[in-house]
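Summarising the annotation, TrEMBL assigns active site, nucleophile to ASP12. Annotated active site, proton donor per TrEMBL: ASP14, in sequence order. Sequence annotations record features per position, and here TrEMBL assigns Mg(2+) binding site to ASP12, ASP14, ASP183.
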Amino acid sequence: MAPVDKQLVVFDFDWSMADQDTDRWIFEVLAPDLRRKMKTLKDEVQWTDLVAQSLREAHARGIKREQIENALRIMPFHPAMARGVDNLKKTGRTTFLCLSNSNSVFISTILEDKKLTHIFDEVITNPAEWKDELLSLRRRVDPAGTQHTCSVGCSPNMCKGEELDAFLARAGKEFDRVVYVGDGSNDFCPILHMREQDLVLCRSHRGLSSRIAKEGKAKGLKPTIQYWAGAWEVEEIFATL
């Protein structure tokens, strides 16, 4: 693809920018029994609430902030992805947005470690904060407040399609091209909001690729779809934007 003057790159975080899932990884590293419990309960408890509950259980058994931060720092994150986003940012033509079902502390801890805090104009995710040694996490869409109206299957804590539309309205400018980098089934909603001149970089053999194959045509999906497996391929594509 040829470079354009004004471009927006939207990143999911888990398995898209990073090479693992933050929510699951920290428990696999620090408390595998809690990770097993999450797997058992995932169909009964809303996912963000389940992660928050698991963080409280980890805190109750003495798992410290430093241990969680260290687990995030060693989580797989490909150097090619770091290079790719940094080089594209340096061209000065691209705005970056993060749209993730992880949380603000997990993402900021990793971005700081990888020296990538300058990349994103906004990180839209579930809010979290340290309260002494406990990481307190809550849904972006408060269960007690007005709920989003997504009918495509976004989880209750956030509709990525609505969030993308709201960001584009806030940005106050028209982007010549929007590029969406994602992997999961919850990335299907926002790509339905994209135009023909836009580009989706879909990670192969995960939830998003499955939904594109099954529902894309029927739902009128418009952007070009390009598949990738490794971060080096995203770096390669970014070099052409």
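Note that Cβ sites are derived from N, Cα and C of the backbone, with glycine treated the same way.
Here the features listed in TrEMBL are placed on the structure.
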residue: ASP12; record: active site, nucleophile; CB count, 10 Å: 24
residue: ASP14; record: active site, proton donor; CB count, 10 Å: 22
residue: ASP183; record: Mg(2+) binding site; CB count, 10 Å: 23
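Same-chain neighbours of the Mg(2+) site beyond ASP12, ASP14, ASP183, judged by a C-beta within 8 angstroms of the site's C-beta center, are, in sequence order, PHE13, TRP15, SER16, MET17, ALA18, ASP21, SER100, GLY182, GLY184, ASP187, ARG203, ARG206.
Across the structure, the residue listed as 'active site, nucleophile' and ASP183 (Mg(2+) binding site) place their CA atoms 8 angstrom apart. Residue pair ASP183 (Mg(2+) binding site) / ASP14 (active site, proton donor) shows a Cα separation of 8 Å.
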